[in-house]
Amino acid sequence: GGEPEDCPESSELEDDTEGLSTRLSGTLSFTSHEDEEDEEEDEDGASEELEEPPRAPGAAAGAEDGGECWGGELRGSGGPPSPGRRDPGGVEWGPAAERPGGSLLTRQLQELWRRSRGSLAPQRLLFEVTSASVVSERSSKYVLYTIYLIRSGQFDKAPATIARRYSDFEQLNRRLRCRFGCDMAGVAFPRKRLRRNFTAETIAKRSRAFEQFLSHLHSIDEIRRSPEFLEFFFLPDLRAAQRLTCTGMYREALATWANAYRLQDRLGVCSSGRFLLTLAGLAVCHQELDQLGEAHGCCEQALQLLEAQGSHPLLGPFLQAHIHLAWKVGKDKRRSEARLQDLREAGLPLQQQPSLKECLIKEPLE
C-alpha cells in the first residue's frame, strides 16, 4: 500500500479524517482496494496535481439562500400546559403564564420571546455527502458521490439528491473559474492524485471537500444564480427524465422529474423555463399513469406561474391539458377556457399547437 502522501489535498480537513471516516462508515461502499490502490482513476489519474488555491474561509458549512426562518423556539415550562394562545415561536400564553404569580422562568421566556420576535435568522442550504461507492465500468473505475440538498431546520421526507463523480465537480470548477475568476480565487478544490484514489481515507476526505466546495459556491450571490452552478444540479435529471419519457418508461421518468422538481425548489429557481418544463414532465407522466388528480395539480401550478405572461410556448399546451384534465376529474375549467379563448382572439393558431407531451419531447436540453 505505501504511506499516505506528505502533501494533503486542500480544503479536506486532514485533522478531521478519523471522525469523518467514522461518520461515513455506515454508508460508504468500497471494493477491496488492497491490490487496487495504486490503480489510476479514469478522471483522476493526471500526470500532475492541480495547484492548490487559497483555503476557503472557515465558515463554509452552509450558505444563505435568501429564505428566512425563525432562529429558534422558546417554549414555556413548569407544569402541564394550560389552554391559551400560542405564538409562532411555540410559547403558550394562558392564565398560568399571565397571572402575577407566574414562575420566573416563564416570565423570562416571555421577555426573550418579545425581544426575539423581530429577529429573523437566514435559512441555509446544506450539502451533505451521504454515500460514496466505487463503480467499475469496462476499463474505467471511479467513485460516485451521493449528495443531499438540505434546508437547515427542516426535515424532508423525500430529499433532493444528486450523484456526481470527481470529473463532474472538476468540470464545474473549471467552468466557474473561467467566468468568475475573482470570486473563485478563494474557493478551494481538491487536487488530482496519482494513486490511492479508492482508499477509505481519500474518499472520506474528498466527501468533506465537496461539501465545503458546494457550500462556498452557494454563499456567493453571482455564482449561486449562475446557469453553470444551477444546471450542475438538475440538468442531468432533466435529460434523463426526458429520455425515459420518450421511451415510454413513465414510472421511472416520474421519479426523475420529481427529483428535478425538488432540486429546483431547494435552489430557489421555481419560476424558470426549466421548472415549467419539469411541471410539464410531471403532468404528462401522471396522466400516462392514470394519476389524473396529480396531473391536474401540476397544470394548475404551471398556469399560476404563467399568469402574468400573455404569450409563452407552453401556455397553450398547459391550458388545453388543464381543461381536459379538469373535465376528467370534475374540476372547474371555466377560467382556463376563458384564457384559451383570449389566445384565439389574439390570433394564436391553437389547432397547430403541439400537445404538452410533444413540447416535452421536442424541447432541447443542451
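Each Cβ is built from the backbone N, Cα and C atoms, and glycine gets one as well.
Unlike curated records, TrEMBL annotations are generated automatically.
Feature annotations, reproduced from TrEMBL:
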type     : residues : note
COMPBIAS : 1-18     : compositional bias 'Acidic residues'
COMPBIAS : 19-31    : compositional bias 'Polar residues'
COMPBIAS : 34-51    : compositional bias 'Acidic residues'
COMPBIAS : 68-79    : compositional bias 'Gly residues'
DOMAIN   : 123-240  : domain 'PX'
REGION   : 1-101    : region 'Disordered'
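The average pLDDT computed over the domain 'PX' (123-240) stands at 92. Counting residues per DSSP class in helix, strand and coil order gives 55 helix, 33 strand, 30 coil for the domain 'PX' (123-240).
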